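Worksheet for the structure shown next.
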Amino acid sequence: MDNSIFYSLGNGIKFNKNKYKKEIGIFNGITSHELDKQTKTNNKVHFFKNTTPSTPVISKKDNIKQKKEEEEDNDNDNEESKEDDDFVEDDDNDDDDDDDDEDEENEEPKEKEFIKHQVNNDEEEEDITLFNKSNENENSDDSDDSDDSGKNKNKNKNKKVSKETQEDKHKREIATFRNKHRIKVDGTDIPDPMTEFSQLENRFKVRKYLLNNINEIGYKEPSPIQMQVIPILLKEREVVAIAPTGSGKTASFSIPILQALYEPKKEGFRSVIIAPTRELAQQIYRNFRLLSKGKPFRICVLSKNLHNQSTNENLIKNYDILITTPLRLVYLIKENLLSLNKVEYLVFDEADKLFDKNFQEQVDIVVTACQNPKLKICLFSATMNQQVEELGHSIMKNPIKIIIGEQNAAAITVDQKLIYVGKEEGKLLAVRQLIQKGLEPPILIFTQSKERAHDLFQELIFDGINVDVIHSERTQFQRDTIVKKFRMGKIWVLICTELMARGMDFKGVNFVINFDFPHTLASYIHRIGRTGRAGRPGVAYTLYTDADTPMLPTIVHAMKQSGSHVPDWMLNLKVQGKKKQQYRLKGVERESFSTIPLSERTSSKFKLRKNKKSFNLPGDQQKSNENNNNNNNNNNDNKKRKSFNNNGEKNNNPERKQKQIKKPKKII
């Protein structure tokens, strides 16, 4: 009997076959003596005789032939087994009686009938298997066709299973890669991240000049934000990206924009990048210049000179990329001096600041001015609250949200430390002690106001330190020269306000000192983010007094979240919600820390400008004209009053001083 009855148990299983072969041999009439000889040679045999795991498909004709051959073999085996049995019985029972021989002769035909009947049953059992269909066609050709169709179905199933397993495996690999780099994504149809810049050429067909510029700048491996944002923008999707300071957000949108614009065209602005400060706009401009080297893209930063030249339409059409602050752009839009109908990419850098209450109206004007149906809006920032996200989603189409690390968290590369100074007078002493310890410049010091920045400047300038101060009241020429000197190392310590807290990339800054405690968590994160950029380590010191306790728990939890050491008692501090809200809105009225007399504090070189120049928007022109007319009327009234003496008599020269010149006496 064939051993096909065991084929359904599984592939490649090894077992002791003696137990099963004895039972089969008994039914086939094989003696136990012959079975023992066979089992000595092969105690353990592979489950299948054939090495191939797949069983051949046999048609009905082949089955009939095999059955006939098996019947003949079984008959021969039965005859041989009978002869063996007779020979054994004769040897063993030589002393038996003749009656026993007669009984054996009578029993032989019965055994033959039993064996034949058993073989026929085995042949019937061989026709039935566990995997055969119950209903079979009568024609052998039909059965062969059905077998072929079954094979094809199994192959298709295997292919589907293999495809599904490959897709699942790919998804698992992408998920582990994102978890490794702390990339969190939210959206639909999210492209896979890239692992190397070399994939830009094969996967996205990025132009060679861009790849060469990336190598020349020194970008070896993409940062986590670049790994995910660049593929998304190259697939022409909108994005909301939240990543720590110094993580490479500018390059993540500069590379896809240059690839999408392809080449310079004289069609007007096709990409607009909006930044909250002019210093940040200048920095983005430099980044675009480095990446666009080799292609004559016309990139400009909106300035007063361009304001004056904006009436020339041909000049504006020559530009491809515009980088600006929102106020200047809104002025040109309201004056109908600028068209944004060709804009394909609108990027808001430091979006949480631009979507603040002070900028919301300006942002709405810019968005409504961009009428291109292919417009794609992108938001980038290190911090972003829920309100800003909702405003962003209201003007975007199915954006993808990306978070690197934890949302609204400080950079891991910055070692954050708190220093208690008691009162305001202790801050100046703490700064001098830190500098004496050997803090390596360049150093950034943040204050909450321009006046306090001036006072600190005048205190440190007499300590023999190359120090300077920058804020919004300085002229544009002064601000540009100060930033340039600070980058070149001519200025060691730069005192600044919130103007320099956002987006500025000073690669060599080793230390940041928060002279005044920040009012919000976002301000704290952006301040300390001026150090520890691009993977380099940095240190941030924050000075605090008793008046800063309402905001202290928030900063402490941010430090703990980013891995900095914080005492346990600070984590257990509890502050009333009203005090915290008042601190955020009103701040703290701080006492003066200066040791210089009040009359000698202000310097003529850094004197604050009283008449601040600003751009009058078209809607504000009537108010300004009315104010000017009122001022002119008041001046005329004053002139009329001065033209009369106290006695009511007219003065011939009212503008001169009313000193009467004595005429010389006539000599007779």
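Just so it is clear, glycine is given a Cβ too, placed from its N, Cα and C backbone atoms.
Matching 177-180, 193-196, 349-352, 565-568 against Swiss-Prot, the residues noted as motif 'DEAD box' span 349-352.
Other than ALA243, PRO244, THR245, GLY246, SER247, GLY248, LYS249, THR250, the residues of this chain whose Cβ falls within 8 Å of the Cβ centroid of the ATP site are, in sequence order, SER223, ILE225, ALA382, ILE404, ARG533. Once Cβ contacts within 10 Å are tallied over all protein chains shown, the binding-site residues THR245, SER247, THR250 are led by THR245.
In three-state terms derived from DSSP, PRO244 (ATP binding site) belongs to neither a helical nor a strand segment and is classed as coil.
Per DSSP, the motif 'Q motif' (199-227) is made up of 19 helix, 0 strand, 10 coil. Per-residue pLDDT, averaged across the domain 'Helicase ATP-binding' (230-402), gives 90.
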